[in-house]
Amino acid sequence: MSNVTPMMQQYLKIKSEYQDCLLFFRLGDFYEMFYEDAKEASRVLEITLTKRDAKKENPIPMCGVPYHSADSYIDTLVNNGYKVAICEQMEDPKQTKGMVRREVVRIVTPGTVMEQGGVDDKQNNYILSFVMNQPEIALSYCDVSTGELKVTHFNDEATLLNEITTINPNEVVINDNISDNLKRQINMVTETITVRETLSSEIYSVNQTEHKLMYQATQLLLDYIHHTQKRDLSHIEDVVQYAAIDYMKMDFYAKRNLELTESIRLKSKKGTLLWLMDETKTPMGARRLKQWIDRPLISKEQIEARLDIVDEFSAHFIERDTLRTYLNQVYDIERLVGRVSYGNVNARDLIQLKHSISEIPNIKALLNSMNQNTLVQVNQLEPLDDLLDILEQSLVEEPPISVKDGGLFKVGFNTQLDEYLEASKNGKTWLAELQAKERQRTGIKSLKISFNKVFGYFIEITRANLQNFEPSEFGYMRKQTLSNAERFITDELKEKEDIILGAEDKAIELEYQLFVQLREEVKKYTERLQQQAKIISELDCLQSFAEIAQKYNYTRPSFSENKTLELVESRHPVVERVMDYNDYVPNNCRLDNETFIYLITGPNMSGKSTYMRQVAIISIMAQMGAYVPCKEAVLPIFDQIFTRIGAADDLVSGKSTFMVEMLEAQKALTYATEDSLIIFDEIGRGTSTYDGLALAQAMIEYVAETSHAKTLFSTHYHELTTLDQALPSLKNVHVAANEYKGELIFLHKVKDGAVDDSYGIQVAKLADLPEKVISRAQVILSEFEASAGKKSSISNLKMVENEPEINQENLNLSVEETTDTLSQKDFEQASFDLFENDQKSEIELQIKNLNLSNMTPIEALVKLSELQNQLK
């Protein structure tokens, strides 16, 4: 440290306090970065990496960005998962002797971005915390940009992961280290996990008497937010407690497979349910819509209340169109209020706020003309006339972006300001008159009076006009020489400059003070503005539901008391939209308490997956309170939706396609109830034919005898189609296709009964496989059919009465048969004694205590995976 300059000593001291951040260290007009920070930042930002003290033995790596354009660089770093500590000069270098005092004024993290361009208008920017006291877990989350703050608690890790998936935070804060397995699961949502073991002594306004663990989670979250932001956050609302069980549950895989908010292939909004349903006109409405998709309701009363409003908007087209026009003039009130509280609001933001609240009376009057018994929100709308008057009387309609350059306030708003502005205006008039007079006096037509911040006002004469000109004769004093001109001042000009600049400086300083006062006045309306924003966002969502219902010919769903699902001429809303409406083939579906399993067969590409997905998506839309793409729709209210669709390795945790498939199936089989919906697509294809067939049958039997969940189960195992003889709750259906002159024609129509052909070779022909491969496959298929018969039998897989578990006899497997090729020596080498020592390890004890006779194959596989993870 002895060879380090005082400035670098200051840098190193501050950096030591923010080791997990990139430190933006203010030096004049730049933010500089040094050492490893500089290397990282230069790589990510693609800026030049240079060196400080380049001639010394150990030069310091450094890079920098201009302070006036720093926001875009910070956004880039934060979007790449970095935290940025902003260190400012707290004193004016011109007025400070010695080292300028510097300190970190804010830490920008992925979950605390507040700048207008740093967050997506249509997405919440959540930061989440959770604390664990097994078996109990409490979780709290906040959007700092809007002020939303919520908390909940539960007793299982599965719900924790479901909540994290639903909330989709950009940052997670914890108070202790977590298992690698849990960390991997969270990293599927966000890479930024912050461990904050030590909290400040500050106690935030959270009720700690209701629930200790929820208080701790919220306290942890708010402490971290205040630690990073270091300023007023009064816009953060009082914490709202909710219960996860009040909403339909869907895990990460269900939301991904159904493509609710992000498409699997493009990883974008386009092609998703959110994309389809978003006819909102405000950013607040768009964010609310995503929340509603992520959390469908399970309260029939709440669902029907939303549907009643959609009915009202659907029946009043003209009023709805007018409402959309009004909403189009409403800006993002939630985030505008957040910036007011945060202190980074500008005058243009307040003009946007003014325009937004000026639409509230129009919206209220419009809703008053409709059914007020249905539109309960009309009574909650509050025209903020007092705030509107304040903003109307104060700010000019088109103020500058900066609040420190003047030009913000109307004439007549403040008497003192008017006097300063008048003096400045008169001074500039005098300057214009002086310029005309000097041109006439000197005879130089190009003479001009200009200004810069270094020299103030001056008279400029080009060098061509100086040949026969004697400055002293006119009282001119040389101020600056340029290559093509000379600049002069006069006593008269200098005297007037002091008056003009003095008035301008005083006006700008006063305007900033007045703006701060105005900002504080607007801050008093925070709670009322947030309430209006919530109402407007809900109305925006509901009019959007009515808009798409009319545009795409949707119908109002009804909900059965006897848990029947009956869809008449149902369509997949997204697939229908991207293709010609008239080309889409609608299908029916009926599941009830007697028949609650559809076993779906049919060739690849025939539409089995689309059919299953559309049933799930229609259920989600209905429980959001939206119309659905059906001619008629009667639905139960589902508590959960489980899916197993598609093939995907979990590369992060090293799980194979089959293992992922089994884990997802395990969740459905373990947690599904008779009020759940299960979508299983081609279960068992990731293993051998007989293993897959056995597992598929076992799962169907388990659902039929245990959970009774409504289930759509597609398969290519045609042997399973005879299960309807043993399972009254199962019905065979198929997606029809015809073969005409060797060509396969997909009808996309779901019909009763099983299909007797997979048409695999015909599908391969559609994919333009080489003709030689197709011909050879047909020969091999003929040989198989000749030797084994067209239809296989599942006689070896018959159910055992009253025996839901699969044992060795059910599977018709023999340990002796599978091991007869192994020698005794092979067995001796493989069968080492796990329990040789008196002192047993925890994992050894777990293995020893397993009751294998009472475990299904899936449970055994999942348990083995858990033990493997513990050993990693």
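Along the chain as shown, residues are numbered 1 onward.
The backbone N, Cα and C atoms fix where each Cβ goes, and this holds for glycine too.
Noted in Swiss-Prot for the protein shown:
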BINDING   Gly602, Pro603, Asn604, Met605, Ser606, Gly607, Lys608, Ser609  ATP binding site
Legend entry - Shell list (ATP; ref centroid = CB of Gly602, Pro603, Asn604, Met605, Ser606, Gly607, Lys608, Ser609; cutoff 8 A): Ser714, Val735, Ala737, Phe746
Inset, instruction - Mind giving me a neighbour count for Ser606 (ATP binding site)? Other Cβ atoms within 10 Å of its Cβ, every protein chain shown. - result: 26
Legend entry - Those residues of the chain, 6+ apart, with a Cβ under 8 Å from that of Gly602 (ATP binding site): Lys608, Ser714, His734, Val735, Ala736, Ala737, Val755
Inset, instruction - Which residue among the binding-site residues Pro603, Met605, Gly607, Lys608 has the fewest other Cβ atoms within 10 Å of its Cβ, if you could check? - result: Met605
